[in-house]
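Engineer: Let me begin by handing over the structure; questions about it come next.
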Amino acid sequence: MALVELEKRGLIQWLVSQNVDGLHARSGFPLNRFAELHGNVFAIHCQSCKYRKIQDHPVELIGQKPIGKICGQTNSRGSVCRRQLVDSVLDWEHDLPEPFFSDSWAQSEAADLSIVLGSSLQIQPANTLPTLSKNMVIINLSNTKMDRKANLIIKSKCDFAVELLMKKLDIEIPECSTPLIVEKSCLELIPLPIKEEKPKIARRKRKAQPKSDQDPDYTYHSVPKLLKDEITEKNL
């Protein structure tokens with residue numbers, strides 16, 4: 001919510017997100033002011049006419065697969081788009097979506113400052129975007145791939161650092177009026193391979209049987225240990 005307030009005051013010009021949880025959109029951040037480079041589990045879109053919609057519930061697919069619904073949007077010529085709607089979450093082989101990536105590149109080049117919040121900056125080419133700005137600040141508890149290019153590195157939790165920033169700017173963080181919690185686990189939506197378990201064989205333990213009265217501790221279970229000790233003594 002701090003980012004929403006900073007954008008309202010003109011202090012944030014553009015927001016780039018690599019998360020797919022859709023929290024920025026649900027928080028009220030303007031959709032035309034940020035790019036979800038890796039997709040949104042709540043968003044569906046048409047790859048033909050570029051229609052895009054954010055739903056109240058997560059899509060049950062990932063990897064830009066058809067969701068079983070026709071686009072149905074009408075263009076300026078009155079034609080109805082009959083292409084299948086797909087989910088918006090990228091898989092590893094997909095290119096970053098346009099125009100989101102191009103817009104993010106242009107905004108990054110024009111920015112006086114890029115602030116990286118919590119990203120490890122490992123995924124290319126998204127990790128190059130903050131380095132295009134005149135200055136770059138990284139807020140992260142861990143080291144990142146781009147630390148050497150940063151003007152300032154703050155080793156802190158993002159929430160704590162942003163709260164201090166808002167206090168310094170004397171800006172109050174607004175309360176969130178939109179539910180941001182996904183009520184159903186994403187793991188329930190993604191079919192996972194069933195792991196075949198090997199049958200467990202129950203073995204009955206043999207009772208200890210003394211070798212002789214002189215050696216009452218000699219048992220069946222102690223044979224491997226005795227053999228090991230014997231081999232060790234021979235090797236010596």
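Any Cβ shown, glycine's included, is placed from N, Cα and C.
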Engineer: Given that TrEMBL lists CYS46, CYS49, CYS71 as binding Zn(2+), which residue among CYS81, CYS158 does it place in the same site?
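Structural biologist: Looking through CYS81, CYS158, the residue TrEMBL assigns to the Zn(2+) site is CYS81.
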Engineer: Within 10 angstroms of the C-beta of CYS71 (Zn(2+) binding site), what count of other C-beta atoms is obtained when all protein chains are considered?
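Structural biologist: The answer is 21.
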Engineer: Excluding CYS46, CYS49, CYS71, CYS81, which residues of the same chain place their Cβ within 8 Å of the centroid of the Cβ atoms of the recorded Zn(2+) site?
Structural biologist: GLN47, SER48, LYS50, TYR51, GLY72, GLN73, ARG82, ARG83, LEU85
Engineer: Compute the C-alpha separation of CYS71 (Zn(2+) binding site) from HIS38 (active site, proton acceptor), stating it in Å without decimals.
Structural biologist: 21
Engineer: Could you state the CA-to-CA distance between CYS49 (Zn(2+) binding site) and HIS38 (active site, proton acceptor) to the nearest Å?
Structural biologist: 20
Engineer: Give the sequence-ordered list of residues that share a chain with HIS38 (active site, proton acceptor), lie 6 or more positions from it, and have CB atoms under 8 Å from its CB.
Structural biologist: SER17, GLN18, ASN19, VAL20, VAL89, LEU90, LEU96, ALA126
